[in-house]
Structures are given as C-alpha cells and as structure tokens.
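Shown next, in structure tokens, is the structure this report addresses.
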Amino acid sequence: MSAFIVLGAQWGDEGKGKMTDYLAEEAEVVVRFQGGNNAGHTVEVGDKQYKLHLIPSGILYDDKLNVIGNGVVVDPKALFEEINYLEGVGVKVTPEKLIISDRAQLIMPYHKTLDVLKEKARGKNDIGTTGKGIGPCYTDKFERCGIRVCDLMHEDVFKEKLEENIRMKNEYITKVLGGEPLSFSEILNEYLEFAKKLRPFVQDTSVKVYDNIKENKTVLFEGAQGMLLDIDYGTYPYVTSSNTTAGGVCSGIGVGPNMVTNAVGITKAYTTRVGKGPFPTELIDETGDWIREKGHEYGVTTGRSRRCGWLDLVIVKTAARVSGLTSLAVTKIDTLAGLEKLKVCVGYKFDGKVIDYFPASLEDLAKCEPVYEDFDGWDDSVAEARTYEELPENAKKYLNRIAEFTDTKISIIGVGPKREQTIRIDSI
C-alpha cells in the first residue's frame, strides 16, 4: 500500500505541477483534496506546455484515475472550460479518467460576485483574492447553506436551495455592497445544463480512493497553493480558504491518516509569493527583478507578477513540522544559476533573540529581521545535470544545507521546467 502527498512548502507556485506530473508516473490514482480553480499548475512535456487549474495533473497520462475530492470547491463552468481546453490539445478527459465527489461544494455565480464586491469594499485592506468565488463558497459550506454536487443531481433539491440562496445573497449584494441582483432563472437554467454534463463524472470518491488504497494501488494526493497560504498556519488573513497542509487530505477526500505513508514538500531554491502579506526575505531590488524574469515568475491563474526573495528555510522547516514531511523536492535551482553570491535565511532576529519558527502575529512578523548565511553561486551547466554527481559543487553545498536545517532529506531536484529536467536522488 502506498499513498503519498505532494504539498507546497512555501506560498504556492513552488513547481507542484511539474513534480506531481513527474511523480504521477509512479501512481495509479491522482487526487485533488482542497482549493479550486484559483490554483494554477504548469506542466511541460516535451515541447508542449499544459496549464491546469482544477483538474489533477495526472490527467496528462492515459492510464491514471484522477479524482476531485469533497474538499475541493468546483466551478462547473471553469471545469468544462478546462476539459474543452485539454481536449483541444489532445488530452482525453472521460469519466474513466476523471471522477468528482458528490460531496464537493459548487461555486455559484453569486460567490464570484460577492468575492469581487467584498474585495472592493475592503479598499486598501484588500487581501488579494483571485475573484473566483473560492472564499465565499467555503463560507457557505461552513454556514451550512452551500450547494453540493449531489444537490445538483436532484433538480427539485437544487431549485429549492438555489432559490433560498439567491433571495438572501441578492439582498446582501444590493443593499450592503451596492451591486446588481442576480437572476434566479438564468442561473437555474445554466446549472441544469451543467448537471447533464457533470452526471457521468460524479460518484462517492471517498469510497473509490479507499478501495484503491486497499487494493495496494499507488495514490498521489495533490495539494494546491502552499503551507503559508493555509487558513490556520498561513500568514492570516493573506491566505486561501482551505487547509493546504497534510491534515487537509483526510477531511478533503475521506481517508484515515493511517492510510497516508509519505509526504513530499515542494520548495523553490528561492522564495516567491503573490499579492499582499509579509515576506521577510523579499528582494525589492535588481536581484529580485532578475530572479523574477529568469524564473518567469508570473501567475498561471492571474498573470500577476510574483514577489521574489532569498530562500527562507524558517518557512520550509515550519512546513516540514506541520505536515510531517518525509522528504523535499527542491525546484528551480537553474533559475539561480549566474548569481555570484546567494543568501539563505536560517532564522529571524526578534525581540533581541534569534528564533527559527514562523510567528502567528503579522505584527510580530513585521519586527522580524532575517538572519542570513552566504553561499557561492553556480553556472548554467546545472540545467544539463541529470544526476546528483553532475551538479556543481556549490549547488550541492546549497542543497545539503537545506536538508540539514529542515531535518528533512531531499529526494528530488528540479533543474528546469521539463519533465526530463528532474534528478531523483532518494525515495520520497
């Protein structure tokens, strides 16, 4: 039995798409357990590039079962747009390759309207939402007024729940947020059409995943975003609306913790984040700009430029602790090639002492000053390496320090965006 998790160990955008695609070769089932189409994965296979948002990365293989679990929030319109995109580039998406939990919450048009209007109302205190309705959908889930996929499969149930939600949401949208009311009939007709297309993909995914694990099939749980965007352990409130840590797997798909054998944390060789929020090692200078351009650090989903900075090992160590990481995959060491000197954060100066953990309070975090160690850089030959031995010595020293500080072995190294630009040095 082998069931393992692939998680982001930073603020997302660590290269999970590529690593999930790489590791999916060893898996028979690939499962998304949280988030929605606010996530973005880029996978390069040969000379082709694929951009995924909601559908698991295993869809690029013909022989993998891909699962969207109950912890995911599903926008049917975005789902079928992604299916059409994949079909258009030659990737088949059928109910034999993709199944969707009947317990997953549906993103509705009013969720997206609320997302945009509430963000606008926050003014300078906006949190950088993607505007895709993710947060409002999770809010409805916990307020117990959300509409699930299984509700959409029963027209009378869906109609009743939609009518109640439209009545309440329109009052809030018009009277509090100053927006335009949404049409009940338009949404009803649109979603009943979605129901017909969605039905063949829908089943109890918890049972399906459980059965596959019991049959000793290899299952890969694919995380979206990153540890520091977790609703509990991230830089709150500049976070996403779900649990992005290993704990989210059990509730987000419906399997017990004893069924998960390993957890791989994905980290870049440097640090990035999108939008607002604290970033202790951020480089607001030419070096930061250089990393952004060389690393093509622009969001897959939003197109927003990413803030760039030195590698912060305090963050990665926190991710290893919170999610019980059994190994790390370090990506994009090729991006740093050409820099003569590098810095790595190994602690924060805070209130006269050095700490190696991430404070909960943003006010405390703002007072933290990074403690750096210096490293010599390496050249572009790193992108040609296919074994650990072929890596430049300075790159090896850099990687060894990551493993030492986080007390977590490195199992995989990414030296470029393509599937074949991956070095496997240990088991996960």
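Cβ atoms here come from the backbone N, Cα and C positions, even for glycine.
Swiss-Prot lists D13 with the feature active site, proton acceptor, giving sequence analysis as the kind of evidence. The feature active site, proton donor is assigned by Swiss-Prot to H41. Swiss-Prot lists 12-18, 40-42, R306, 332-334, 414-416 with the feature GTP binding site. Sequence annotations record features per position, and here Swiss-Prot assigns Mg(2+) binding site to D13, G40 based on sequence analysis. The IMP binding site annotation in Swiss-Prot covers D13, E14, G15, K16, N38, A39, G40, H41, T130, R144, Q225, T240, R304.
The shortest Cα-Cα distance from K18 (GTP binding site) to any of the binding-site residues (N38, G40, Q225) is found for G40. Put simply, G40 is the one of the recorded positions D13, G15, G40, T42, V415 whose Cα lies nearest to the Cα of T130 (IMP binding site). Taking every pair among D13, E14, G15, K16, N38, A39, G40, H41, T130, R144, Q225, T240, R304, the residues listed as contacting IMP, the largest Cα to Cα separation comes to 34 Å. Non-local contacts of V415 (GTP binding site) by the CB criterion (under 8 A, 6+ apart in sequence, same chain) comprise I333, D334, V382, A383, E384, A385, L391, Q421, T422, I423. Cβ neighbour count for T130 (IMP binding site) (all protein chains, 10 Å cutoff from its Cβ): 22. Secondary structure at G12 (GTP binding site), taken from DSSP and collapsed to helix, strand or coil, is coil.
The Cβ of G12 (GTP binding site) has 27 other Cβ atoms within 10 Å, all protein chains considered.
Residue pair R304 (IMP binding site) / G40 (Mg(2+) binding site) shows a Cα separation of 12 Å.
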